[in-house]
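Visitor: Pulled these features from TrEMBL for this protein:
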type	residues	note
DOMAIN	141-221	domain 'Ig-like'
DOMAIN	226-312	domain 'Ig-like'
DOMAIN	319-402	domain 'Ig-like'
DOMAIN	411-493	domain 'Ig-like'
DOMAIN	499-588	domain 'Ig-like'
DOMAIN	593-671	domain 'Ig-like'
């Protein structure tokens, strides 16, 4: 050991049993008793081992009987260190000669710092009570930091210090440790410039050669703003709406983060929704689909702020807000293409669509479609229904509200009904009603009678009051809405009425000539038609007599009409309801002269010289318009005219006379 203090010699002369201490430089004579300590003072590391040595002399006639080391004494009583419990198993005495002694103390403790003295005892005296020994200072290593409070980026110096200079190593090399791991050999200062958060930790130092004797650890606390900020989601599976989800914000900061703020992306910007919380977690106790989005957290301490990277919360939820929409918008016209689209808010998206329409109850029409559209390429009026869709995305199902599909179409199935039903009797009232399937309903009805150009009426119903036979016929209606028009099939209005306008016609027309074929036809307007015809006849001045009864045919035929058929005729027509009688018609049969005769006036004897008148009579129609008188056997006519008078008659006038009658239909000579 290199000594920092010169050795000193302690001489003790025993006078009357009391030590006398003399400090003598140089060599001490054999006649003196003395103790010489190797060091006046020693500085040693706590936990290390120290040797405190001395040399002593005594007169040769003194035999040493006992040696010991002590640190305390009271009124001449010393405590041998080897017997002191505080030094148990830590103190050893060594010697190399009979004139030296070494006190070895192991596992030094700070309370071992004191003055240590050596004493020896002979049969004549004891030495070593009052003179100075070796002062031991036990020092631990201490780490001091400058400055005491460090902010990241500053310079910090760590000094390894002792309370005294180590006696056996006044200029030691130091070893620095962080968290028990050796860093490097340095001098007593460890400089960190600039210091970073990674430098924070527990530091200790040791003297090279005494690596197992570390100083107490001193914690280097580096203040820095939040960094390595991380937002995380604590979950074990998918995030399903209604479940509890916890967002955790982790950040490395010193001092620790004291405020956390959470942000959610709204549109193109982030907005805070949980500001200045002291808790690092944000809990969605019942997370909603609206909570889906990008989030980040911002950590703050007194040194600054730092934000995490964004994380995405994808909330899974069953279909909702399910709706059916129709395209194109506006009126849906029969025959057009129409698309129903089922839209639903769901995550994951809807996987299956089912379509339903109602009749008496809702019926499935398309099931398990993966597409949200239902297309009617040419929609029909029968497709007018309520429709809804049923959707599923593997989490749950949902159905839309019903949507009314109202297909617009032009009139169809237009028909006419007659009220009252059954027979329509002349004079009654009849209502014709036009029915038509149309959407929107028919807004214009027009009534027509067949073969009549102008309309009869407008409106859905057409009433005929006090109906007459002329109203009989076919009627139809024309219906119209904004999408088109349609005419009904005609309906026949069959007016029942008594025979009327009964008349007799003669065929052929013109003059009726005896012997020709003549047909009388009874015509009558009746509904139902005439079933039976009767004929009546009277001669001029007589009464009518029925000569044909119950004929089903309207004709009365004279194959070879006779002049006797001349007279007045009428017919009666019966249709099961009533009888109609015609006006009389005169049949005037034309014929040539017949039944010709000559009369003489005066009758009786004719005396010569008297006057005689011959008169020619003949039945003819038209009457005879030419009379010619002849005398038998005389070629030339005697006279003309209906009468032939002979005045002053003479005998030569005696003879046979005859007349010849003539009309346009013939001539005839009398007998």
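Using N, Cα and C of the backbone, Cβ positions are placed for all residues, glycine too.
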Visitor: Take the domain 'Ig-like' (319-402) and average the pLDDT across it for me.
Guide: 89
Visitor: What does the DSSP secondary structure composition of the domain 'Ig-like' (141-221) look like, as residue counts for helix, strand and coil?
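Guide: Going through the domain 'Ig-like' (141-221) residue by residue, I get 3 helix, 38 strand, 40 coil.
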Visitor: Reported in the order helix, strand, coil, what are the DSSP residue counts of the domain 'Ig-like' (593-671)?
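Guide: So the domain 'Ig-like' (593-671) is made up of 3 helix, 42 strand, 34 coil.
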